[in-house]
């Protein structure tokens, strides 16, 4: 840092001068370089062919060299020196005598200089370089009875697997299936163990069951490096579906999760476990639609349509030329009014008579609609009518119904039913709109409005000295908020 220069003091005849600038700070020093990382270790595993399965116990190892150290930070630059002091001011007095002989004293001064500016700070030093990484070590396997060194053990992966196929094109719950073939590749540098076999299997999950005791496929041969091994017909089960799907067809996903295990050490190949295949699980037939009028007036019949669709590539039904299988739609009474007449017919206009002796509501035995056969990809329909049969049934009463789709159980197709899908629906008994010029309220309802709610509103209207008319949008398809009254007579 340079010496600072002070200013000259003022005199009687001159001002003081400013101080000189301070000296600049020195630059910071360069940071030191980081140290070199340590070298990775040298690992050598000695094993015989008989014990080569023990190499599966070595999952991971680290032989990477250490990273070089971080370089040091450069030193900070020195602070600039303060500016030189300005010269001092100078003061003096003089005297004079006036015309009357009085002496007067006069004060005088010259200002001093200002302090000089500070010097600039020095620059920071540059950072040191990162140190060099250490050299990677080595991992080697020495097979003693081969007198051979390897850099990596054996390792299997799934090279490809055949797609699982069901005989009707639909994979359904409870079905027994086979993976037609699985091809494994040894992507390691060694042969697989000579004295310990490999087991090929699947991992069970919520939708796939694999019987390890019965269906595991053993493999006794060695697989050369980059070589292949193939197994065929690996058996598994799709787990049963115990509950019926409600208001929609059943659908799920089965994940086929492959496994390959070295026996004795019971260790799995990680690359094999990463390979999975997904399959859609459904039933071959489903309720495709249920259409019913939401409400009906007394004395009228409400139309109803039930659609069934065969989504498989084979016939379904007791008369199927593929497999004889039970199939029916079962209409059940759930709750509400019981005085209802049912009339149904199928696509061939075969009628299902409404013999009321069959409708034992207390035992929930209602209408059985059997299906003899449905062709592949065909959709069939049952159509009919429902009618409230008792003229004394109160308006806005409801009947709640359920359609069960029953299919022959996969393990006893022609003997035992299983409910696979259920769809619910309801029908409300409504009344026609009656124009009442004295009504101050108009209740706008739909088929979901219950009788208790309507009765309470009518009761409220009566308590304030008026009445309420009722408009059911389910009857008329909607509600027009305004219309030219001269063109319409709402009394009819």
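Cβ from N, Cα, C; glycine included.
Features reported for this protein in TrEMBL:
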- 1-44: region 'Disordered' (REGION)
- 17-41: compositional bias 'Gly residues' (COMPBIAS)
- 72-87: compositional bias 'Gly residues' (COMPBIAS)
- 72-129: region 'Disordered' (REGION)
- 88-104: compositional bias 'Polar residues' (COMPBIAS)
- 109-129: compositional bias 'Low complexity' (COMPBIAS)
- 166-274: domain 'DUF7932' (DOMAIN)
Secondary structure content, the compositional bias 'Gly residues' (17-41) (per DSSP, counts of residues): 0 helix, 0 strand, 25 coil
DSSP residue counts for the domain 'DUF7932' (166-274), split into helix, strand and coil: 8 helix, 49 strand, 52 coil
Number of helical, extended and coil residues in the compositional bias 'Low complexity' (109-129), per DSSP: 0 helix, 2 strand, 19 coil
